[in-house]
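Engineer: Sharing a structure, written as structure tokens. Questions coming.
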Amino acid sequence: MATSRAALCAVAVVCVVLAAACAPARAIHVGTPAAALFEEFKRTYGRAYETLAEEQQRLANFERNLELMREHQARNPHAQFGITKFFDLSEAEFAARYLNGAAYFAAAKRHAAQHYRKARADLSAVPDAVDWREKGAVTPVKDQGACGSCWAFSAVGNIEGQWYLAGHELVSLSEQQLVSCDDMNDGCDGGLMLQAFDWLLQNTNGHLHTEDSYPYVSGNGYVPECSNSSELVVGAQIDGHVLIGSSEKAMAAWLAKNGPIAIALDASSFMSYKSGVLTACIGKQLNHGVLLVGYDMTGEVPYWVIKNSWGGDWGEQGYVRVVMGVNACLLSEYPVSAHVRESAAPGTSTSSETPAPRPVMVEQVICFDKNCTQGCRKTLIKANECHKNGGGGASMIKCSPQKVTMCTYSNEFCVGGGLCFETPDGKCAPYFLGSIMNTCHYT
């Protein structure tokens, strides 16, 4: 692979020249608004710089990012911007880590349009709103760290959703397998989602390992050798991929029927994003891979819901909303998806197999005594769906072999770290001062 080739999210070596200093770093420009905010930023994110020169450079970066933040806020009345964990990075550092590779990606987009199968979508009946988080098809937000691996997170997030919607349990899959093993892409130096799908099909028979068996370790920018451990577990299998029509109506129709879509966009407006809907998103070049998980056209400002890979402490618990209908951030330029054969166990054929049963409802019995016999209340709950609670929280209940997992969340989308509790399927278990029995019912 040519070393000079650029790629989506490519990470260049950025040299920030800082003057040497023997004295330890100390607070500078105390009393100015920017300096006060900078001190708060350092406390919040645990920053400590080795020299006074480096601290001065980081403060200068911080001040410049404050200016950019205010510019974005002035252009986006439906969104809120603020100080994020990226604010001590220079524009060059941030772009090199997260926003590089436009020229290569443009060429790759043209190649995809010519050589990949195009999906068709029924445009006659597009729902007003869809959110695949609420239907259990999206894993928790992840963090690529200081590695240009957004392409892997976008591709893996798409496969996770397609695997679930083909009739399987939602499972978190391995980005590290792609970052370390996929030689059609460039690991932390960038890549493309369609090429990730191609590599899986050509080299692993479409198999992707679980995150538990092959966890992500490249958040510091280091890419270890590809693992061939006998302890790796196959979590999903794809059998193809499609290029989705690059109109937003076609994307909405396909997403509503088929699930989350891997897309590329211009993330130049994302550094200081906190919440709300971006209506004036920069759209100059594709530079970042993300996952489109839903949309809502019922309000004053219609918007897309996008899962990012910058951690749950960025944006709306790791998500961003972007206005629909104007190709904001160039988000309709490169929508793609893997394809999963319905109800196939990893590495098997469905030609003569009965589809695996899928949990539909959980019968939950909560009782006052310890044996699930007295003062009991029975409730039927839809499995694998996000259920909003009062006060802005939500809960989800999931079935897996021999156990049931109940999770509560502080947000309405069942994303991020939840408080989870497991019980055996169909068996009584202690629950607070009484007992509980969860029984999964399948189709």
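Backbone N, Cα and C atoms are what each Cβ position is placed from, and that goes for glycine too.
For reference, Swiss-Prot lists these features for the protein:
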SIGNAL    1-27  signal peptide
DISULFID  CYS147-CYS188  disulfide bond
ACT_SITE  CYS150  active site
DISULFID  CYS181-CYS226  disulfide bond
CARBOHYD  ASN228  N-linked glycosylation site
DISULFID  CYS281-CYS329  disulfide bond
ACT_SITE  HIS288  active site
ACT_SITE  ASN308  active site
Engineer: So among CYS147, CYS188, CYS281, HIS288, CYS329, all listed as recorded positions, which is physically nearest to CYS226 (disulfide bond)? Use the C-alpha atoms.
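Structural biologist: Out of the listed candidates, the nearest Cα belongs to CYS188.
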Engineer: Quick one: which of these recorded positions, CYS150, CYS188, ASN228, CYS281, CYS329, have their CA within 10 A of ASN308 (active site)?
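Structural biologist: Those near ASN308 (active site) - Cα within 10 Å - are CYS150, in sequence order.
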Engineer: Just give me the nearest neighbour of CYS281 (disulfide bond) among the recorded positions CYS150, CYS188, ASN228, Cα to Cα.
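Structural biologist: Going through CYS150, CYS188, ASN228 one by one, the Cα closest to that of CYS281 (disulfide bond) is CYS150.
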Engineer: Which three-state DSSP class does HIS288 (active site) fall into?
Structural biologist: strand
Engineer: Looking at the recorded positions CYS150, ASN228, HIS288, whose Cα is closest in space to that of CYS181 (disulfide bond)?
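Structural biologist: Result for CYS181 (disulfide bond): the nearest of the recorded positions is ASN228.
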Engineer: What does DSSP call CYS329 (disulfide bond) in the simple three-state scheme?
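Structural biologist: Its secondary structure by DSSP: helix.
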Engineer: Measuring C-alpha to C-alpha, could you say which of the recorded positions CYS150, ASN228, HIS288, CYS329 are within 10 Å of CYS188 (disulfide bond)?
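Structural biologist: The recorded positions passing the 10 Å Cα test are CYS150.
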Engineer: State the count of C-beta atoms found within 10 angstroms of the C-beta of CYS150 (active site), not counting that atom itself.
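Structural biologist: That number is 28.
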Engineer: CA-CA, which of the recorded positions ASN228, HIS288, CYS329 lies nearest CYS147 (disulfide bond)?
Structural biologist: HIS288
Engineer: Pick the one among the disulfide-bonded residues CYS147, CYS181, CYS188, CYS226, CYS329 whose Cβ has the fewest other Cβ atoms within 10 Å in this structure.
Structural biologist: CYS226
Engineer: Using HIS288 (active site) as the reference point, find which of the recorded positions CYS150, ASN228, CYS329 has the shortest Cα-to-Cα distance to it.
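Structural biologist: Looking at Cα distances from HIS288 (active site), the smallest one goes to CYS150.
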Engineer: If you count other Cβ atoms within 10 Å of each one's Cβ, which of the recorded positions ASN228, ASN308 has the most?
Structural biologist: ASN308
